[in-house]
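Feature list (source: TrEMBL):
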- 89-111: transmembrane segment (TRANSMEM)
- 207-225: transmembrane segment (TRANSMEM)
- 237-261: transmembrane segment (TRANSMEM)
- 281-299: transmembrane segment (TRANSMEM)
- 311-335: transmembrane segment (TRANSMEM)
- 347-371: transmembrane segment (TRANSMEM)
- 414-433: transmembrane segment (TRANSMEM)
- 445-467: transmembrane segment (TRANSMEM)
- 488-506: transmembrane segment (TRANSMEM)
Amino acid sequence: MFYCTKCGTANSRKANYCIHDGYPLHKPEAHFNINHIDTISCDNCGADRMHGAIYCHACGETYEHIRTREVDHSKASIPFKKNDVKQGLIKTFPFAILAVLILWFGSYLSLNDVQPTNFDHSEINPEVELVNQYRFMIDRYEQMNLQAKGDNRTFRMGESTEDRVSSLSPVDVMMLSNLASVHLTYQNDSVSGDPELVRNQESRAGLVYYLFLAMLSIAIAGFIYMKWARLSNWKAIITHLLSFGLWYSVIIFLISLMVTYSSEDANFEVTYSYSYISIDALWTSFIISLVALSFVFLYQRHIRFPHWLRAVRLSLTTFMILILVFLGVTTVFYLTKLQSVQAFEMLQGIPLVSSLVIIAQVAVILLNLVFMNSFQFSAKGDISEAMSYHLIQKINGDAMPEEWFQGFMMIEGLLWALVGIAFIILLWVSYRLSTLTLVNRLKQVIIYSLSFTFVMTLISRGATMYFENLTPDYDGWYEIGFGTLQTLVTFFVITFVITLLGSFLFTKVRSGDKHEQTDLAA
């Protein structure tokens, strides 16, 4: 059997021409003067390759080698398909609805009727006066909802919480979880059109536990989606992540448009209108969903991510380690110390507040203090007042009694221990980045620091309470928590400096060890 060297068709040994295309067959006995030194052999059978042959005349094996280019998935060499966007929008929509349903169920479980508690406000130590301010802000947030529903009860310090049931619905808690601000307008109907009789109030609850609840609900839905979708490359993952976040934010936005309350007080001829600021709900829910989904989508082991996404993933890992450590320490601290403090017992007299809410709030406050970001109380009315506690500078400001922040100074030992833990975790990150080249390391550290700062700023905003009152007789605002700009600058600078210097330190140590081993070998 001989094979045609042009088309590879098998022919009889007696044939002189190919049965398929009539091409003359190359027979070994017809070539007695072959220079075997200049001839290439067939890789399959070892027979000499005839000049111009595409197939081996002895075994029919092709001489053409298919050369494939190796694709580096860490670079932007994966083709982007427009169909991925369409598929992402179609596939993620039901799972975005699932995330909202999970959040609704979690919100429903979070609303419990509180047990009646009585306390004497005069016996509360001044060191925990900030706890009273927290209660005032949360009560004011809930009272806005009550007024819009026709209930003009006023919560005062020292009152009994007997038979107190939250006026908030699970949908209201969903809006709270997505950091949507509340807007209340009330107007005297007897003199319509007079702008001086229109009063506006705006508030954000700032309970970070509910932000964690939203992120957990989104992450659960995202985890189920990733198990079902089985995406094959990182560009598809980013496309589906953005699609998921878009649908989720749109759903929350539509809910915020529909959830409004209004009532009339016949005695004073006042109309109350209660609504959520929909723009707030749209952009905050989108950012929350992106962060929450990143904890799931970027941890796919079978996919090789580019370097910048690995830096983002490393920042998420750092955040998870830090928040779990701080939640664990705060839980022990709460069970041993805070639970018996009368002010915290008073705080739990609010339907929105439970032990889990307090633990999450304290953990985020401690995490901000550890990174030397100040915890502050700010107020602006007839005069501006501001006072803050800083781990190194201590108490700043003189507009309010210093006793309000004395509680932080009583736990300085715990705070410095947590500083050490956070420093060790950042050094671990530095060690991970120390193997990179100088240029790549600098890029990775910048992306890592920006990503970590972004997540921590979101969490800090979720733990910041805000109330603004715009009336003819009083125009002012109150804030307890953290300034957004200060949080951005502080977290970035601290993270960037420690990580970069630590990576150089580990690189120097490694190079020193190599020199030592070389000297010993010599």
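In case you wondered, yes, glycine gets a Cβ from its N, Cα and C as well.
The list of residues near the transmembrane segment (488-506) in space but at least 6 beyond its ends in sequence, with Cβ under 8 angstroms from a Cβ of it, reads 371-373, 423, 426-427, 429-431, 433-434, 436, 441-442, 445-446, 448-450, 452-453, 456-457. If you look at the transmembrane segment (237-261) against the transmembrane segment (89-111), you find at least three C-beta pairs under 8 angstroms, all six or more positions apart, and that counts as contact. Most Cβ pairs under 8 Å to the transmembrane segment (89-111), among the stretches 281-299, 347-371, 445-467, belong to 347-371. By the Cβ criterion (under 8 Å, sequence separation of 6 or more), the transmembrane segment (347-371) is in contact with the transmembrane segment (445-467), since 3+ such pairs are found.
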